[in-house]
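Copied from TrEMBL, the annotated features are:
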SITE      Arg20  site 'Transition state stabilizer'
SITE      Lys26  site 'Transition state stabilizer'
REGION    139-159  region 'Disordered'
SITE      Arg172  site 'Positions MEP for the nucleophilic attack'
SITE      Lys228  site 'Positions MEP for the nucleophilic attack'
Amino acid sequence: MSSSFSSFAALIPAAGSGTRLGHGPKAAVTVGGRSLLAWAVGALQPHVAEVVVALPAGLALPDDVPKGVRTVTGGATRQESVRRLLEAVSAEHVLIHDSARPFLTADLIGAVQAAVRRTGAATAALPVADSLVLGGQKAESGGQRVESGAEQTDHQPSTLNPHHFWIEGVPREDLWAVQTPQGFRRELLHYAHTYAAAEGHAATDDAGLVARLGHTVELVEGDARLLKVTRAGDLALAEALAAAWQDGVHD
């Protein structure tokens with residue numbers, strides 16, 4: 001391990017149930033013959049002083065996870081799991097990474113770490129390439145479709161159409177899709193979590209909590225191969241990526 005990375009701990013919240021994926025706890029799901037958690041730990045471990053994983057109560061690390069990993073019991077939410085992970089380490093800086101993103105490169109880890117040293121907070125992210133639209137459901141009344149939320153009268157009974165429709169286009173300039181790893185000064189992220197808990201605020205990721213404080217979060221260009229395995233349909237793509245990865249096609 002390079003001495004330049006010795007101030008970092010890697011924290012992996014992996015206490016989710018994997019309900020959407022449908023294969024039990026997500027951390028133990030295998031891709032390319034390895035558990036998702038083993039992929040994540042194997043990528044991070046050479047670049048940090050320690051790796052700590054939050055797991056569901058009663059669940060042990062998969063057998064193929066590299067040695068030297070500490071565990072904590074995760075919370076009811078991802079946010080609570082990360083807070084517990086933060087309290088388990090004393091490193092100056094932390095990297096937070098989703099166990100469901102197996103294909104993480106050393107180059108991206110290093111780029112996020114460098115950004116954290118500059119700014120105090122950074123996340124991997126990709127500029128949005130696809131066209132984006134605001135979608136929604138529509139109410140139906142007398143054979144006519146009207147926007148949901150439109151005022152109805154007693155003479156205009158309506159039902160909500162179960163399908164979603166194009167409402168309006170969203171400009172994609174300056175929009176980024178957030179990935180992990182995300183990196184922070186540990187004290188900064190711990191304060192962001194404490195502040196959010198006191199306010200009852202929830203966020204989908206840690207960078208959002210830090211940005212809410214008004215702190216700069218640097219965007220580091222991520223990797224399109226850094227797939228998040230969330231639904232059953234993602235597994236086939238992940239298997240194809242794993243085959244290429246194991247053949248050395250990832251530099």
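Backbone N, Cα and C define each Cβ position, glycine as well.
Structural mapping of features recorded in TrEMBL.
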residue : record                                           : Cβ within 10 Å
Lys26   : site 'Transition state stabilizer'               : 22
Arg172  : site 'Positions MEP for the nucleophilic attack' : 13
Lys228  : site 'Positions MEP for the nucleophilic attack' : 14
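Rounded to a whole number, the C-alpha distance linking Arg172 (site 'Positions MEP for the nucleophilic attack') with Lys228 (site 'Positions MEP for the nucleophilic attack') is 21 angstrom. The CA atom of Lys228 (site 'Positions MEP for the nucleophilic attack') is located 11 Å away from the CA atom of Lys26 (site 'Transition state stabilizer').
DSSP assigns Lys26 (site 'Transition state stabilizer') to a helix in the three-state reduction.
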